[in-house]
Amino acid sequence: MRPNNQALKHRLSHDTEREFGGTLGAICIPVFLPLTVLYLICMSRSPEASVLQWPPPLPSIDQLWDPLAPVLLLGWIALHALLYLMPLGKVSEGLVLRDGTRLKYPINGFHALCISGVMLMLLLGLGAPLGYLFELLLPLAVCAIAVSFLLSVYLYIRSFWAPPHALALGGNTGNPLYDFFIGRELNPRIGNFDLKYFCELRPGLIGWVVINLGMLMKEVELRGSPSLAMILVNSFQLLYVADALWNEEAVLTTMDIVHDGFGFMLVFGDLAWVPYTYSLQAAFLVMHPQTLSSLGAATIVALNGIGYYIFRKSNSQKNQFRRDPTHPSVARLETIATATGKRLLVSGWWGLVRHPNYLGDLLMALAWSLPCGFSNLLPYFYVIYFTVLLIHREARDERQCRAKYGLAWDTYCRRIPYRIFPYIY
């Protein structure tokens with residue numbers, strides 16, 4: 001018998017485990033993470049670039065605001081909303097929802113990246129001062145933070161008109177602060193326009209590589225040509241973004257889309273955190289140029305290549321197994337049966353550690369920071385943060401899988417004892 005709406009509301013409201021520190025985290029994170037973004041940008045352009053500098057260099061009001069910033073940011077979001085709606089690429093279905101339906105998603109993010117690239121090249125050819133993004137970085141970050149809060153408020157209010165089956169299992173606790181932060185509605189849409197899916201891989205992710213390009217052009221303005229370190233950072237991160245958009249369909253099976261509601265946590269992460277902290281290495285290199293030897297550059301390229309190979313091969317194997325476990329490339333892999341009817345991979349890349357894709361991700365993250373040298377800790381913020389993020393994400397995944405698969409998960413953990421780092425963790 002299917003539960004009625006009242007029973008479902010009760011289950012959604014009470015049978016959930018609060019994450020990210022619960023109410024305390026929901027209060028602190030929306031305050032301290034925006035301040036962290038602004039702090040990191042200020043540090044990256046200060047002469048010392050020291051995270052231990054006290055008091056930190058505080059920006060003036062003039063540095064935080066530029067009327068061009070909201071025009072650029074909103075225009076950028078509108079451009080990608082238009083590209084999202086264009087009949088490019090194919091349309092794929094997501095996983096089955098609690099009401100038995102599947103949502104449809106346009107797979108055209110890579111098209112949006114290519115069109116954006118062509119437009120940027122045309123602008124550069126026309127003499128547009130793309131290096132001015134360096135001066136606009138703080139005002140753009142302020143605007144992105146403001147847009148994140150406004151969108152989150154809209155999402156929270158509209159979620160009260162959503163049917164119970166459309167709410168995220170962990171986002172309807174009855175605590176308004178926590179629900180605002182974690183997100184009440186799983187897949188908020190305006191017509192066929194999926195807000196979470198759009199924000200996940202479009203304006204922020206592509207905006208990240210545009211900011212990187214702006215930092216490269218600023219270096220050209222200052223020194224006549226881009227440094228090898230800047231070229232490596234731009235190239236590595238462009239490859240990462242292009243890979244994510246080329247394999248856009250894979251995001252439909254991730255925790256963000258399948259499990260998490262769309263609230264401040266994801267909105268801020270997509271629109272503000274990713275473009276303005278992931279571009280930290282490029283911003284750092286503008287004011288703190290580095291010289292790389294040929295051997296050093298080759299070593300960094302090799303490290304990024306190894307990380308990318310592990311990341312891509314393991315993700316492709318997992319996605320292929322989820323889509324079609326009978327495919328020849330995965331059919332012979334060893335698995336463990338679960339009571340849900342699904343099977344857990346225990347061979348191939350997924351027989352090495354429980355999350356080989358995270359291992360590849362972290363190797364790439366280190367390669368992105370190494371071109372910035374060793375004199376400052378600031379460019380390594382991303383590696384440190386990302387390590388903490390992935391360990392936390394792995395722990396969340398562990399809890400969900402243990403609740404879902406029971407004894408089969410215990411068997412799996414005994415078979416694959418290491419989580420991310422072989423023989424270490």
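Cβ coordinates come from backbone N, Cα and C, glycine included.
TrEMBL annotations: computationally assigned, not manually curated.
Look at TrEMBL and you will find 20-41 (among others) tagged as transmembrane segment.
Listed by sequence, the residues of this chain that lie at least six past the ends of the transmembrane segment (68-86) yet keep a Cβ under 8 A from its Cβ atoms are 106, 108, 111-112, 115-116, 136, 139-140, 142-144, 147, 193, 198, 202-203, 206-207, 210. Per TrEMBL, transmembrane segment is recorded for 68-86 (among others).
Taken from TrEMBL, the feature transmembrane segment covers 107-130 (among others).
Sequence annotations record features per position, and here TrEMBL assigns transmembrane segment to 136-157 (among others).
Cβ atoms under 8 Å from those of the transmembrane segment (225-242) belong to residues 110, 113, 205-206, 208-209, 212-213, 215-216, 219, 278-279, 281-282, 285, 289-292, 297, 300-301, 304, 308, 364, 367-368, 371-373 of the same chain, restricted to positions at least 6 beyond its ends. Taken from TrEMBL, the feature transmembrane segment applies to 225-242 (among others).
For 262-280 (among others), the entry in TrEMBL reads transmembrane segment.
Nonlocal intrachain contacts for the transmembrane segment (292-311), taken as residues 6+ away from its ends with a CB within less than 8 angstroms of a stretch CB, comprise 227-229, 232, 236, 239-240, 243, 349, 356-357, 359-368, 370-371. Per TrEMBL, the feature transmembrane segment maps to 292-311 (among others).
As annotated by TrEMBL, transmembrane segment applies to 365-391 (among others).
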| message | For the transmembrane segment (136-157), I need the partner stretch with the highest count of C-beta pairs below 8 angstroms, choosing only from 20-41, 262-280, 365-391. | response | 262-280
| task | May I ask for the residues of the chain that lie six or more residues beyond the transmembrane segment (262-280) and have a Cβ under 8 Å from a Cβ within it? | result | 20, 29-30, 33-34, 36-37, 40-41, 44, 137, 140-141, 144-145, 147-149, 151-152, 155-156, 168, 171, 179-188, 195-196, 199-200, 203-205, 207-208, 211-212, 215, 237, 256, 378-379, 381-382, 385
